Amino acid sequence: MKISYLLQVINNHVPFSTAESWDNVGLIIGDENAKITSILTGLDCTEAVVDEAIELGANTIICHHPLIFKGLKQINEQDGYGAIIRKIIQNNINLIVMHTNLDVYPKGVNAMLAEKIGLQNMRILNPEIINYYKVQVFIPEANSVDFKRELSKRGLAQEGDYEYCFFQTQGTGQFKPVNGANPYLGKVNEIESVAEMKLEFMISEHQQQLAIDLINQYHPYETPVYDVIHLTREANYGLGMIGQLSQSYNVADFMQHVKQHLNIPSVRYTGDEQAQIKTVAIIGGSGIGFEYLAANKGADLFITGDIKHHDALDAKIAGINLLDINHYSEYVMKEGLQSLLTNWLNEQQQYLEVNVSQINTDPFTYY
Ligand SMILES: [Zn+2]
């Protein structure tokens, strides 16, 4: 199987386009035409993980955190990251990153963490909002067929696997050209009635300018009449999970429960020590900023990592309970991704060995 095929399979389930704009996902290092020997999943692509892949004979590493993220200035043996990149290239290894696209995937990192903790009735904490537009254009009946064809050719008025999605109603348009008008129909200073169509169709956010350009280009009138109406809908993906535990826990018991189920050495809690915890929201990695949304949605506790002193204090003053499970707890994605990849490939009657990195890449030691 080629890397390009694997990228396609991944993209069908966890589109790279759903990553944040500041992120760096996809094939970061490698060759789309390379043939995959086997895969190694990891959280961070450290040098030890690259060595592990070489040892296993796995020429494809799929990591959560982008190896190349900030402005990279040199790729040399003396630079820590440079040395890793050189080793990857020298050993013909392909590095794929699935980062924020895996975070917002409904079965992604947050669902993996939530499942380990035992959340039930899980819902997405912060569903993405998709912007789209409805366009309505008023055009003489005689021109409507050509007009629809031109718009359709350029990819407008498409819904999933359906092209040419227009709704049309017949009506009568009226106008009186005055002053220096150069009308396509009718005479200056006379009211003209024309059999017109009102065409309605949907476009995505990035097609807005194209739609206006095409209307101006293919509408016969000097001044085309049209409306572009902004609409939104909730996507079926987004950040975080919220759900219920099978029972209510006191704080001390829940801390033990989390440490045990995530197999992590320590957690930090801030909030009401007498709280009863049943509804829990979670964002793996660095999810601070969403604790107020979690509380508004009824969470007794918001779990994330990388919580800073002032964020913790703000939450405490606001009466919000926070639990810091350390950023490294996202390591659960290594196994989670192994099972996702195996399932996606099996659905396509494809089989590849997918290994899970055994390297602990947590930069911290806990005492
Ligand atoms: Zn992370």
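Glycine too: its Cβ is placed from the backbone N, Cα and C atoms.
Because the structure is a prediction, the values reported are computed rather than measured.
According to TrEMBL, the protein has these features:
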BINDING   His64  divalent metal cation 2 binding site
BINDING   His65, Asp103, His327, Glu330  divalent metal cation 1 binding site
For the recorded divalent metal cation 1 site, whose residues are His65, Asp103, His327, Glu330, find every other residue on that chain with a C-beta no more than 8 angstroms from the centre of their C-beta atoms, and list them by sequence position.
Leu43, His64, His99, Val109, Gly284, Gly285, Ser286, Gly305, Met333
Rounded to the nearest Å - Cα separation of His64 (divalent metal cation 2 binding site) and Asp103 (divalent metal cation 1 binding site):
9
Including all protein chains shown, what's the count of other C-beta atoms within 10 A of the C-beta of His327 (divalent metal cation 1 binding site)?
19
Does anything in the same chain, at least 6 positions from His65 (divalent metal cation 1 binding site), have a Cβ under 8 Å from its Cβ, and if so what?
Leu43, Asp44, Cys45, Val97, His99
DSSP-derived structure type at Asp103 (divalent metal cation 1 binding site), helix or strand or else coil:
helix
